[in-house]
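*Asks:* Per TrEMBL, the features are:
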- 88-110: transmembrane segment (TRANSMEM)
- 122-144: transmembrane segment (TRANSMEM)
- 156-175: transmembrane segment (TRANSMEM)
- 184-206: transmembrane segment (TRANSMEM)
- 250-270: transmembrane segment (TRANSMEM)
- 364-386: transmembrane segment (TRANSMEM)
- 398-417: transmembrane segment (TRANSMEM)
- 429-451: transmembrane segment (TRANSMEM)
- 457-475: transmembrane segment (TRANSMEM)
- 496-518: transmembrane segment (TRANSMEM)
Amino acid sequence: MHRETPSCPERVDWDQRGIRMGSVGAEGRKEATPALTPEGNVVMSFSFESYQLEEEDSQTKDVPDKGVLTFTEPAFEVPEPQDHYHGIYFAMLLAGVGFLLPYNSFITDVDYLHHKFKGTSIVFDMSLTYILVALVAVILNNALVEMLSLHTRITVGYLFALGPLLFVSICDVWLEQFTKKQAYAINLVAVGVVAFGCTVQQSSFYGYTGMLPKRYTQGVMTGESTAGVIISLSRIFTKLLISDEKKNTIIFFFISISIELMCFILHLLVRRTRFVHYFTSRAKRGLAEVKGHTDPGTGYRVHHDVITEEDNGLIGVSPTEAGTEAEFAGSGTYVRFDVPKPKIKRSWPSIRDMILHRYIVSRVIWTYMLSIAVTYFITLCLFPGLESEIRNHTLGEWLPILIMAIFNMSDFVGKILAALPYDWNGSRLLLFSCIRVVFIPLFVMCVYPTSKPAFTHPAWPCVFSLLMGISNGYFGSVPMIQAAGKVIPEQRELAGNTMTVSYMTGLMLGSAVAYFAYNLTSHSSCFNSDSANNSFTSGY
């Protein structure tokens, strides 16, 4: 740009505006005002309003830090996309279906398992296998959250879930290629593989939805209960409509496989939507919904060198920088266009940094972590192990199927209720989660003593299962939903993964307690006589 002489009135106008910018910074930014000089040249005049001054890094310029002030033009913020027709919410609900449906498929056909592996603790063994493998998987996923992409972890989870479902339904249930001992071992291995895949998928999804608005975390957790409802209804109708146990079990498994494939395809479509990309990108960049945040690399910067100002005039030399600059002689002011984006080197964090990040997040959400762990610990002490052992002379094998269906449906209702806009205090959540321990003695009295339980009527376990399911759905969802909102956006994926570690820890401890309690009491015939005096290896 042409340098103007100090006598030029347009140059004086620019200098006066520059002084006001450097000293006050309160003028409004207006449209560029062109002014012609006597020589026919054009000078552009700018003014600014309410834009924050920034300190320029002056170490490379050998001037004090407070000497250079920078005005940064904010980039226009992209409008927040909307979830039209609630399609994204529905997709997240189906995601929740996808990562609990495979395990539910293995344990809900309890009648088939009891018939094929009669006299064994197959349901307890499956539950404990699932939880132990799942705990290892969720810890591994939490460690790799910064190393592997979200999409990679979720895709691997779906593949690990679909493989065992296909293998067991075709090779074991349909073709019956294995002996009883081999089938027992294969079913446990299949449950272990499903546990690994689905838990990596589940933990990743909670980190995923932690970057989205709160209602989408609630949608995923509602999907978990929806999986139980779908599987329970599927098992009831296949058993009612088809009398042949082998055929209805094959159809039952293929329904599960079809739903799992649909969930996977829907995930591949949804992750590419503008809505998901907007929120995940914002969280990863660490933007905290601050209006007017500057995107380096767009717009331009106007610099004003206040060191060269003197009372009698302005004597300045523009600093030398890379990029296209328009310099105004003697004013100490220049306009720089095409500001380069800062180069960011991406590398894996150190072990110390990873531990520190998790410690910082855990200090904020520890009450929510304990609350969800206690909730699922109490539930897994009773479901599915102890509930599968409740018998009735009239209903027979139908009673455990009905009890599980009631639990899954009431759990679904509880997760829907978790969407109600009530901000729970972490300590209060923990207190209510602990009160649920009353369900343990109530269910024990439904099976003890074996000859004549305290609660003999089948309505009692149904009512207890209903109440336990509603409370499990509600107090198992609220901590997960609210925990992500307690940390800054860039920590929400990690918070979701950390909450999943607590969730799986509660599941593992509850399942372990149920398993060992079963083994201790089976020798004294505390439970059903068909499954007494059997241990983990009894299937072999």
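Placement of Cβ uses the backbone N, Cα and C atoms for every residue, glycine included.
How about a rundown of where these features are and what they're close to?
*Replies:* Residues 87-88, 91-92, 94-95, 97-98, 101-102, 105, 109, 154, 158, 161-162, 165-166, 168-169, 173-174, 230-231, 234-235, 238, 242, 276 of the same chain lie 6 or more positions beyond the ends of the transmembrane segment (250-270) yet place their CB under 8 Å from a CB of it.
Long-range contacts of the transmembrane segment (364-386) within its own chain (CB-CB distance under 8 A, at least 6 residues past either end) are made by residues 107, 110, 123-124, 127, 131, 404, 407, 426-427, 429-430, 433-434, 436-437, 439-440, 443-444, 447, 465, 468, 471-472, 475-476, 479-480, 482-483, 486-487, 495, 498-499, 501-503, 505-507, 509-511, 513-515, 517-518.
Using a Cβ-Cβ cut-off under 8 Å and counting only residues 6 or more beyond its ends in the same chain, the transmembrane segment (457-475) has close neighbours at 221, 225, 371-372, 375-376, 379, 382-383, 387, 390, 392, 394-395, 399, 402-404, 406-418, 429, 432-433, 436, 439, 442-443, 446.
Within its own chain, the transmembrane segment (496-518) has Cβ neighbours under 8 Å at 121, 124-125, 127-128, 130-132, 134-135, 138-139, 141-142, 145, 199, 202-204, 206-210, 217, 358, 361-362, 365, 368-370, 372-382, 385-386, 389, 476, 479-480, 483-484, 527, counting only residues six or more beyond its boundaries.
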*Asks:* Between the stretches 88-110, 122-144, 184-206, 398-417, which wins on the count of C-beta pairs under 8 angstroms to the transmembrane segment (156-175)?
*Replies:* 184-206
*Asks:* Apart from its near flanks, which chain residues at least 6 from the ends of the transmembrane segment (398-417) lie with a Cβ under 8 angstroms of it?
*Replies:* 104, 108, 110-111, 218, 221-222, 224-226, 228-229, 231-233, 235-236, 239, 383-384, 387-392, 458, 461-462, 465-477
